[in-house]
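What Swiss-Prot lists as GTP binding site is Arg13, Arg63, Thr94, Lys155, Arg254, Ile255, Arg256. Taken from Swiss-Prot, the feature [4Fe-4S] cluster 1 binding site covers Cys20, Cys24, Cys27, and the record attributes it to sequence analysis. Sequence annotations record features per position, and here Swiss-Prot assigns S-adenosyl-L-methionine binding site to Tyr26, Gly67, Ser118, Met189. Positions annotated as [4Fe-4S] cluster 2 binding site by Swiss-Prot: Cys249, Cys252, Cys266. As annotated by Swiss-Prot, domain 'Radical SAM core' applies to 4-226.
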Amino acid sequence: MKDTFQRSINYMRISITDLCNLRCQYCMPEKGIYKKTHQDILTLEEIEQIVRIGAENGINKVRITGGEPLVRKGVIGLIKNISNIPGIQDIALTTNGLLIKKYGEALKDAGLKRINISIDSLRPDRYKEITRGGDLSQVLEGIQEALRLGMTPVKLNVVVIGGYNEDEIEDFANLTVDDPIDVRFIELMPIGEASGWAKDRFLSNEEVKSKIEGLVPIITDATSPARLYRLPGAKGRVGFINPISSHFCESCNRIRVTSDGKLKPCLHSNHEIDLLRVARENPEQIGAVLSNGIQLKPEKHYLYTNKHEMSARSMSEIGG
């Protein structure tokens, strides 16, 4: 499917829960979020149906997100079913890593191809602070489990926060040397909990990159948001995702579906289409709604302009 700007849209990011077993400061309020009823979120069958119809209309890549997707009961079966949908070539998962050791084998057997792990510090005390209680050792065990299972390259998503973890940039980059790990530095975005302090703590990826010596640029997939580099002799890669300082809207190939069934043509727009209602009342219209949503994708986001409306949703509600 192509949008009005002739971008090919083949990638669906679908959040299966807004619940999480962490409370990261820039993602979720300390007390958590209002717990929706089962009636208010997509069932696993509805998620599968949406992906199936998406595949019939050109979607071939799917990423399962949250919240923390591994806290949703039935996630293994969902991944297995999606991986068997004709046309789906790639299925990936974004997780905080705490439950990979527990579910890794089952995830691989279900057909999961790739895994992204969100981790913003390699220091136990600091990690516990930013996540409001997380155990770093569990995440590190999860990374090793993903490597053992061959889900490579294992991608680590690192949000760089000025005055907080910028002194760990080189430590993260060095993780790519001995293992097939891709470390991707992501600029802090003004969404939800982060909107109040994103400007004060924002660090551009040009600044981040300047702190890593010896990076060599490598060829990057044009549709990937990450600009990739490699340290000399490294098995993995270092990537930079710059949604603020150098957006990649011109090559955007994705749509998002939230756990409560809202189709979001753009992460940074408040415009949403109620796909949950369509799935329950007129499921035969799902394909048309997906197509319409794609046509409504804006040319670019308008962060930090007078056209931008700050999202009231947390990142866990939208889907990370």
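Placed from the backbone N, Cα and C atoms, the Cβ positions cover glycine too.
On a predicted model such as this, the values are computed, not experimentally measured, just so you know.
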Counting other CB atoms within 10 A of each CB, which of the binding-site residues Met189, Cys249, Cys252, Cys266 comes out lowest? Cys249
Comparing the Cα of Cys27 ([4Fe-4S] cluster 1 binding site) with the Cα atoms of the binding-site residues Arg63, Met189, Cys249, Arg256, the shortest distance belongs to Met189
Inter-residue Cα distance where the pair is Cys24 ([4Fe-4S] cluster 1 binding site) and Ser118 (S-adenosyl-L-methionine binding site), in Å: 10
I'm trying to understand the geometry here, so how far is the Cα atom of Thr94 (GTP binding site) from the Cα atom of Tyr26 (S-adenosyl-L-methionine binding site), in Å to the nearest whole number? 17
Any idea of the Cα spread of the S-adenosyl-L-methionine site, Tyr26, Gly67, Ser118, Met189, as a max distance in Å? 17
Restricting the comparison to the binding-site residues Arg63, Gly67, Arg254, Arg256, which residue's C-alpha is spatially nearest the C-alpha of Cys20 ([4Fe-4S] cluster 1 binding site)? Gly67
Over the domain 'Radical SAM core' (4-226), what is the model's mean pLDDT? 93
Restricting the comparison to the binding-site residues Lys155, Cys252, Arg254, Cys266, which residue's C-alpha is spatially nearest the C-alpha of Cys24 ([4Fe-4S] cluster 1 binding site)? Lys155
Measuring CA to CA, name the entry from the binding-site residues Arg13, Arg63, Ile255, Arg256 that ends up nearest Cys249 ([4Fe-4S] cluster 2 binding site). Ile255
Cα separation, Arg254 (GTP binding site) to Met189 (S-adenosyl-L-methionine binding site) (Å, whole number): 18
